[in-house]
Amino acid sequence: MGLVGSLFSFIVFLSCLIAVCGQGTRIGFYSTTCPNAETIVRTTVTSHFGSDPKIAPGLLRMHFHDCFVQGCDGSVLISGPDTEKTAGANFNLRGFEVIDDAKTQLEAACPGVVSCADILALAARDSIALTKGQSWQVPTGRRDGRVSLATNVNNLPSPSDSVDVQRRKFAAFRLNTRDLVALVGGHTIGTAACGFFTNRIFNTSGNSADPTMDQTFVPELQRLCPLNGDASTRVDLDFGSGNTFDTSFFNNLSRGRGILQSDNVLWTNPSTRTIVQEFMASRDNFNAQFARSMVKMSNIGVRTGGNGEIRRVCSAVN
């Protein structure tokens, strides 16, 4: 390789120690330009969580939906006709007011410094900590995108996706099967509208349509989501423990109590079942993998340096 090549490789190695290699984000990005940035976001999320704990899964889901469409650039926050917000998959996103609140405070403290994309990444992390999950260090330094189009919202995982389809969608962003199972494990604090799974609990005669479900559990779901009832009614994806970030979601999968088909197949498919079993057996392993996978996901297609902007308000480009 030679001295020059070796020196270059060493410089790249050092760069990867202080940043996510090839991405340009790093832990403590705002330590001098806005030292209270993370505290402001955490305090804001905590305040909103105190009055509405369901804001936690909302912020986590919003971050996921942002990153899977054009990368983690805050484009899901932009308002207007034909923006990502207006796409069917994003109709039920919530938590925009939390991001706007944090942005207002950050603009007062450090004008034009902290991106909306970073606020969203930090808020997702803080949501996990507030629901008794493990916190982690979030690399920051993202800049905000200027484009938000509903037509770009076409690769989000669907409630009916098989394991193979989910793998393909995650692999497109260099997320592997362990990342897939860990990130879907975020459903331990999520909810789903009845309309996304009534096809699993009712057949044409009004009985259970999916034999892989726990048949003693089906009547409870039928009570919460009656046939021809309100399809927008929401049910905890981690039934019995929907407000706590724990491993009971995986336990429910093993008992045939996965609400969504896309969750259920993580147990019925042998290739993902072994990972589910690992996370069931160790909350520490799940928390650690979830943190690693969140850092990987939060660096999908990030804009840094001169690419993108720092929005003055998160709902509109400058």
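Quick reminder: no glycine exception, Cβ is built from N, Cα and C everywhere.
Nobody curates TrEMBL annotations by hand; they come from automatic prediction.
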Practice problem: Determine, on the basis of TrEMBL, the cysteine among Cys34, Cys67, Cys194 paired with Cys110 in a disulphide. | Solution: Cys34
Practice problem: Tell me the Cβ neighbour count for Ser75 (Ca(2+) 1 binding site), meaning other Cβ atoms within 10 Å of its Cβ, over all protein chains shown. | Solution: 27
Quiz item: What recorded positions in the list Gly71, Asp246, Cys314 lie within 10 angstroms of His65 (active site, proton acceptor), counting C-alpha atoms?
Solution: Gly71
Quiz item: From the Cα of Val69 (Ca(2+) 1 binding site) across to the Cα of Cys314 (disulfide bond), what is the distance in angstrom?
Solution: 17
Quiz item: Since the record lists Arg61, His187 as recorded positions, which of them has the fewest other Cβ atoms within 10 Å of its Cβ?
Solution: Arg61
Quiz item: Expressed to the nearest Å, what is the distance separating Thr188 (Ca(2+) 2 binding site) and Cys34 (disulfide bond) at their Cα atoms?
Solution: 33
